[in-house]
Amino acid sequence: MQKIFDEVTSLDKRCYEEFFLTEDILMEHASNSIALYINQNLFDKKSILIVCGSGNNGADGIALARLLSSKFEVNLYLANEPKSYMAQQQFKRVKALNIKIIDEIFEADIIVDCLFGTGLNKPLDEKFINLINTLNSYNSFKIACDIPSGINSLGQVNTIAFESDITITMGALKTSLFSDVSKDYVGEIIVVNLGVQRDIYEIEANKFLLDESDMKLPFRNKKNSHKGSYGHLNVVAGCKKGAGIIAAKAAFGFGTGLVSVVCHENLDLPYHIMQTHFISENCSAIAIGMGLGKYETDEIRKILNKPIPKIIDADLFHDKLICEVLDQEIVLTPHPKEFISLLKLCEIADVSIEELQNNRFLYVEKFCKKYPNVVVVLKGANVIIAQNEKQYVNSFGSAVLSKGGSGDVLSGLIGSLLAQGYKPLESAITASLAHTLGAKNYKKNNYSLIPSDLVEEIRKL
Ligand SMILES: NC(=O)C1=CN([C@@H]2O[C@H](COP(=O)(O)OP(=O)(O)OC[C@H]3O[C@@H](n4cnc5c(N)ncnc54)[C@H](OP(=O)(O)O)[C@@H]3O)[C@@H](O)[C@H]2O)[C@@H](O)CC1
Ligand SMILES: [K+]
């Protein structure tokens, strides 16, 4: 996994003060890294439009123009006068080299967006909205320098942002690149060094970007084992029984030895899934909430109070009952609408979905501060998995998963690992990664996935 930082100004400052690097050295590495990417990956292109703002993001772009000027047809556009010290220095250098500065933008093979980076500090005015709109309309290969212009430090987009194919970000990953809103703008994200290796540039962090290697699939090491060695998951089914059945099938395919659906009515289940009317004697984990609908509160309370690992989903996030069990080390898998209900029930915040989506990391942090034992999996374009002070981002998700039933598969996967004895946090991380990477492997198209396809792909991981 890779560290993510809310801000990097203090990390840049540490480079000056502790490693005696200058702003100029850092910037030369920043601009050189973009030049290197273009030289190595886009050498067949001819023209480049570099669009610069007045601060150091703009300065990166002006330096880039100097580095690429003899190899490409470079068109440098300064949207505002260079204002920061480094922007003025870089400007002096390109002027001395007679590099072409254009007054009007036009489409080029490559666009590099150097309008605003970490310094965006107010909403864009009409001039910049129009400029970014025009850039977005071009059919060029689009590179964002550090951060797509228009995304602020909290990962919010006020009106518009640059839609990049790739974001080359300086020094370390930033939280703002992983808001749900940012997902439509950042493209592929590449981190480059600023004169010291990344592990030296970076300090301790509480946020992490998950990599594929963080998925620890439940491979079996014991040769002398039987089905009981791999746990017994009980999935509590409610009114919408399909949800529980989808979860049960996913859990079975993910390695749990035995899976039973708990339901008072007789169900038509696949032959390998069992049915029980009450929680099984040897139950090693419970999945509850999905499709629950109307239920007998006392019965659910009794189940929730059993000292057995649990994954809780869906309808229970709208019931005060949930607050009674938040001291347990349980896994909760709310989507944004369910999470705002949970925040309200727990008297943490009464906010709209928009407010939550604009500040996902913040509200997860507030929740985990109050309930440090709970593992939260906040669904979204970038899933946040959190416990206590640590937050993990799974950015492998895609629109393929935006379907009824996808969440039930996830609950089943988490329940499966809990039943097999994995810890709640590791269960949530591996299950979430398997869920999104399985969906990524579904190659037919991005609209037709059904839960059984997803389970099939996950079984092949
Ligand atoms: N520090 C380092 O060592 C290194 C830094 N590096 C690079 O520096 C970047 C950060 O630079 P930065 O701090 O100068 O901020 P930046 O993003 O250029 O924006 C500030 C400028 O924009 C203006 N402005 C803001 N909002 C606006 C708006 N809505 N509409 C209009 N104008 C607006 C603002 O104007 P002002 O507020 O002063 O009026 C100011 O002039 C960072 O992302 C990375 O790319 C790398 O080279 C590595 C080494
Ligand atoms: K930018």
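For all residues, glycine too, the Cβ spot is worked out from N, Cα and C.
Note that the coordinates shown come from a computational prediction; the quantities given were computed from them, not determined experimentally.
According to TrEMBL, the protein has these features:
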- 8-202: domain 'YjeF N-terminal' (DOMAIN)
- 56-60, 117-123, Asp146, Ala243, Gly291, His335, Asp408: (6S)-NADPHX binding site (BINDING)
- Asn57, Asp113, Ser149: K(+) binding site (BINDING)
- 210-461: domain 'YjeF C-terminal' (DOMAIN)
- Gly407: AMP binding site (BINDING)
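Just so you know, the Cβ of Asn57 (K(+) binding site) picks up 26 other Cβ atoms within 10 Å once every protein chain is counted. Asp146 ((6S)-NADPHX binding site) has its Cα within 10 Å of the Cα of these binding-site residues: Asn57, Asp113, taken from Asn57, Asp113, Gly407. Proximity of the binding-site residues (Asn57, Asp113, Ser149, His335, Gly407) to ligand 2: a Cβ under 6 Å from the molecule is found for Asn57, Asp113, Ser149. Among the binding-site residues listed (Asn56, Asn57, Asp113, Thr118, Asn121, Asp146), Asn56, Asn57, Thr118, Asn121, Asp146 have a CB atom closer than 6 Å to some atom of ligand 1, in sequence order. The most crowded of the binding-site residues listed here (Asp113, Asp146) is Asp113, judged by how many other CB atoms sit within 10 Å of its own CB. Other than Asn57, Asp113, Ser149, the residues of this chain whose Cβ falls within 8 Å of the Cβ centroid of the K(+) site are, in sequence order, Val51, Cys52, Gly53, Gly58, Gly61, Cys114, Leu115, Phe116, Gly117, Ala144, Cys145, Asp146, Ile147, Pro148, Phe162. Other Cβ atoms within 10 Å of the Cβ of Thr118 ((6S)-NADPHX binding site), summed over all protein chains shown, number 20. Among the listed binding-site residues, namely Asn121, Ser149, the Cβ with the most fellow Cβ atoms inside 10 Å is that of Ser149. Here the candidates are the binding-site residues Thr118, Asn121, His335, Gly407, and by Cα distance the one nearest Ser149 (K(+) binding site) turns out to be Thr118.
Asp113 (K(+) binding site) sits 17 Å from Asn121 ((6S)-NADPHX binding site), taking the C-alpha atoms as the reference points.
Within 10 Å (C-alpha to C-alpha) of Gly407 (AMP binding site) lie the following binding-site residues from Asn56, Asn57, Ala59, Thr118, Asn121, His335: His335.
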